[in-house]
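Here TrEMBL flags Glu966 as active site, proton acceptor. Look at TrEMBL and you will find Gln499, Phe530, Arg641, Ala805 tagged as Mo-molybdopterin binding site. Here TrEMBL flags 166-194 as compositional bias 'Low complexity'. Per TrEMBL, region 'Disordered' is recorded for 166-200.
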Amino acid sequence: MNKPHGFQKRKKKVSDSEVFLAILVNYIQSINLRLTGTKYACGRGGCGACTVMVSKHDPVSRKIRHFSVTACLVPICSLYGAAVTTVEGVGSIKTRLHPVQERIAKSHGTQCRFCTPGMVMSMYTLLRNLPQPSEEQLMGALGGTSDMGKTLHPPEARWEVCLRLPQPTSSQPSSGPPSVVSEVVQTSQSSSTSCAKGGRARNVQIKSEILGGDVDLGYPGQPGPAVSWTLCPSHFHINHSPAQSSTNRHLCLILDLNYVSQDGRHFPEISDRFLSALEDFPATVPQGVQRYQSVDSHQALQDPVGRPIMHLSGLKHATGEAIFCDDIPTVDKELFMALVTSTRAHAKIISVDLSKALELPGVVVDVITAEDIPGTNGAEDDRLLAVDKVLCVGQIVCAVVAETEAQAKRAVEETKIAYEDLEPVIFTIEDAIKHSSFLCPEKKLEQGNVEKAFEEEVDQIVEGEVHVGGQEHFYMETQRVLVIPKTEDKELDIYVSTQDPAHVQKTVSSTLDIPINRITCHVKRVGGGFGGKVGRPAVLGAIAAVGTGYPIRLVLDREDDMLITGGRHPLFGKYKVGFMNSGRIRALDIECFINGGCTLDDSELVTEFLILKMENAYKIHNLRFRGRACMTNLPSNTAFRGFGFPQGTLVTESCITAVAAKCGPSVREKNMYKTVDKTIYKQAFNPEPLIRCWNECLDKSSFHSRRMQVAEFNKKNYWRKRGLAVVPMKFSVGFAATSFHQAAALVHIYTDGSVLVTHGGNELGQGIHTKMLQVASRELKVPTSHMHICETSTATVPNTIATAASIGSDVNGRAVQVLPPVCLSWIEAAFEQRISLSATGYFRGYEAFMDWEKREGDPFPYYVYGAASSEVEVDCLTGAHKKIRTDIVMDACCSLNPAIDIGQIEGSFTQGMGLYTTEELKYSPEGVLYSRGPDDYKIPTITDIPEEFNVSLLPSSQTPLTGLGESGMFLGSSVFFAIADAVATARRERDIAEDFTVRSPEGPGPCSPTCTRPAQPAERCAQCG
C-alpha cells in the first residue's frame, strides 16, 4: 500500500498504514478510531446499521462520487484512494447538526436508535449526489434500493427464463392450449430480448421464492389456458446477497403475449382483465395522518405532560453519540469471551477436548465449564451451562476467554465435543403431541355448557386449524455485557443490555454465591428488547470475570444470537365453532399447543396468558379454551412482545372469519361485547372504549364504501385481487400478580437547582426516560431543562421489576408522581436549614390475581382497546402483496407523549405485520436454524409500510393511564386477514373451495398456490407441525 486511507472524523484525518486485510466496520470501531456511531448489527449487509459513505474520484467525469455502503461487507483493502465518512463526520450535538439529523430527531423518527445513524448516512449520501432528490429517491435510499451504488460493481449478469408462444397456424388460437418451449439464456444486457424474429417481448420481474404452483394465463373466448407452466422454487436459487456473489442475478420471465409472425398472423389482444399479469407493484412513498387530542387549553405552558416532546436522546440517536453497552471504551486488561454451543439436538456429552484451544496464542484461562461455577448452575431443568447432555442445537456447553475477539472465536472452533445421540428427537408440536412431551399441565378456562350448545343451540358447525410460526426478536443490538470486577470485597460492576437488571443481579448472585449487595447492574439504554433480553450472557461474563480477575466483554454476533436464544412460541390451534344462520356464535371450543422448546422458561406463563386473552373482543356464552406447552429439542422459547396474545387471538379471529364467510361480514359486530360484562375468567370491564374504537375505525377508514370499491376492482382484474379486513382488539395490560406492579423512583436536588431523576424502568427505545421527565417536571414544578436521567442502576433503585408487559411507563410514572413539588428559590436555604434534598417515590402496585383452580380472578389492572383496518392487493401469480392502506384507532387515554405513543403503535403494528406475513424461521432436519440473519429472515423494512398509514388516538377517553407497547402487535393481523380475503376472492372466482388451512406467516411462498389451486395436504412446519 503506497499511502494510507483517509477517514474523515470531524474534518480530521487519521491513518493506520498497518491495517490491510480487515473489515471496514471493525476498523472504524477499533481502539485507533473509536467511532461508535457505526454499528455492527448483522454482519451480512442486511440491516443497514453500519452504513457509511465512501467517496471516490471518477476518472471519466473527473468528479467525486459518493456511495452508501454497508461497512460490515467492505474490506479496507478495497478502499485504496477512497475517503470514508461516518456519521460522526456529518454532524454533532457538540458542534452543529446536519439538517438530516435534526429532522429525523425532531420528526420523532427514532426509537431504540441503533440503526438511526445508518439511515442518516443513506440520506446524507443521497443528498451529496442529488441535492434536490425526489421522495421516491429518498425512499430508495432508506429502503436500500438506491441506484447510486451500482457503478461500484461490474455490469450485472442476468439470467432470463424465456417462455415462447409457438407460431400459430391461423389468425385464431387453437382449441387446446399450445405447447410452451422454455429455455434459459444468459445475457449481460439490460434491454428486453425478443423471443423470436419479428416478435415483441414484455418483461415481468418475478422475485425469487415465489414461483410456485400452476399458473394459467387465459385468452378470452378460449376454453383452455393459452399458457400453462409450472415452476417450483426448489428449481432455482436466486442469490441477492452481495456478500456471497459478485453479481446480482435475478429471474426475468419474458412472455410474448402479443406475438406477430412474419406473415402477419397474430394472437388476439389480451383483455384488460388479464393484463395485470404483466404489471409489477409500483414503488410508492408512504403517507398518512396521526391524530391525537391536544392538551387542555388551561394547562400551564411549562407543563410538558401530554405534549409531543422529542425523545430525550433523539438528537444523540441521529448523530451516533448515544452510548450503548458495547460503546464503552476498552477497559485495562479487558478480555473477550466467546461461547461454545451444541451441534446436536439431543445427545449425551462424551468428552470435551480443549487441548488445541488452549495451545492457541492469547487464550489466557481454561475453558469455562459447569464445573467452574461456584454457586448454582441455573435451575434443575434449565442449566446455565450444559451438564452431561444437551437438549438442543445452540445450547451453551462452555465458554472461552481470550485477549481478542478473533482469538476467542478461533478457540471456539478448536474446541471439540464428542456426542452420543439420544432418542427421541422432537422438533414439531405434532411430534411432541405423539410423544406426550409437555412442559407443564394443561391450562383451561370454560363457561356455559359447550357440548350441549353444539348439540341443541346451533344451525351450523365449522372446524378448522391454525398454524402460527415462531418469531425472532431481532433486536438491532444483540446480547452483550461488560463485567468489571473490583479489587476488593468481590464487588462487580455489570454494564449490560437487559430489560431486567434486578434479575441479572439476583442470578449472578446465586451463580457466584456472592451477596446481592456486592453486584451493581448498570443499564444506560438498550437497542431493542421485545422480551428477549433477560441477561443470561451477563451471568456467563460474571463467572469469567470472577475466575480471571479481569474485565470480561461478551458480544454475541447476529448468527449466534439467533441460534442460542429462543423467540416467540409457535402455535398449533384447533377450533370448533357453532353458530346460528344469523351469524350469532353460540359455542366455541379452542385447543392450542405452543412449542416451548427444550426448557420451561416462560412457557407456562405464556400458556396462561394465551388462554386468558384468547376471547379478545367477543362475548360467547358457551366457551372453552385449552392450552399446553410442548417440550421439543429446539432452543427454549421465551417472552415476546404480546406474550401469547398475537398467536392465540389469531386463532379466535380465524374462527370468526370462517363464520363470516358463511354468514356475512357483520359477524364480528354481532358477537362483540356491548355492555358492562364479565370475561371468561369473571373480571368485570366496560367495553364502551372498545365499541368507540371499532366505530371510529370503520368511519375513519370509510370501510363500507371501500368494500364496494374492492369488489369492483376484483371484477376487473383476474390476476390481481384486493382484500379488505378490520379487526377489533381488547388487550390486557400488566402481570397477573400484584407484586410485579410495584415501582420506585429517587430524586436528588442539587444546590444549583439541577435535578437528577432515577427510576426502575429501562430505556429500550420506547421513550420511558422522556416520559418520566415529563411527569417529574409536572410534579416537581421544575422545567425539564433543569432535569437529567443518568441510567437505570440497581444501586440507586433496588429490587426493580422487568420493563415489560406494557406497564413500565405506568407504574414508574406513578412512583414519580408521588414526589413533592420543589421551589428552586429555597434550595440553598433548605440546605442551610439541613432539610433533605433527596426524596423517594413509591407505588405499591395494582391488585392482580388469578386462581387457576377456580378458573377466575382479576389478573389484569386494565385493558387497552383498539381496532385496525387494512387493505392489500395480492398478485395471484407470484403471491406478492402490496399494502394499500391501514387505519388504526387506539384508546390511549390522556397520552403522556402522543408522538412517542403513536411511534410505539406504528412500530408494534409493523412488527406484528412481519410475524403474520414475512418472518419465517427455517430449520434443518437436524434442528439447526438456517435463518440466522436478515438475508434469510425477512423483517419488515420501510418499503413494507402501507402506502397510506393513519393512526388516531381515541379522543376524550376516560380510561386510566394505558400502556401501548405491546397491544399494536395483534393489529398487524389486519394485513393477514386482508390477504386471506383477497385469496378467498381469487378462489371463489376459480370455483375452488374457499376453506383452507390458516398459516402464518402468509407470505409470497404459501399465498401464490393458495390463490390458484385446491388445498393440498398440509406440509409440516419446522416448529408448529
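The count begins at 1 with the first shown residue.
Cβ atoms are placed via backbone N, Cα and C, with glycine included.
Nobody curates TrEMBL annotations by hand; they come from automatic prediction.
Positions of TrEMBL features highlighted on the structure.
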{"residue": "Gln499", "record": "Mo-molybdopterin binding site", "Cβ contacts under 8 Å, 6 or more apart": "Val526, Gly529, Gly531, Lys533, Val534, Asn762, Leu764, Ala802, Thr803, Ala804"}
{"residue": "Phe530", "record": "Mo-molybdopterin binding site", "Cβ contacts under 8 Å, 6 or more apart": "His473, Tyr475, Phe640, Arg641, Gln911"}
{"residue": "Ala805", "record": "Mo-molybdopterin binding site", "Cβ contacts under 8 Å, 6 or more apart": "Phe643, Val733, Gly734, Phe735, Phe740, Gly963, Glu966"}
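For the Mo-molybdopterin site, whose binding residues are given in the record as Gln499, Phe530, Arg641, Ala805, the maximum C-alpha distance rounds to 12 Å.
For the recorded Mo-molybdopterin site, residues Gln499, Phe530, Arg641, Ala805 set the reference point as the centre of their Cβ atoms, and the other residues of that chain within 8 Å of it by Cβ are Gly529, Gly531, Gly532, Ala639, Phe640, Phe643, Leu764, Thr803, Ala804, Gly965, Glu966. In the structure as shown, the Cβ atom of the residue listed as 'active site, proton acceptor' sits within 10 Å of 26 other Cβ atoms. Of all Cβ atoms in the shown protein chains, 26 besides its own fall within 10 Å of the Cβ of Arg641 (Mo-molybdopterin binding site).
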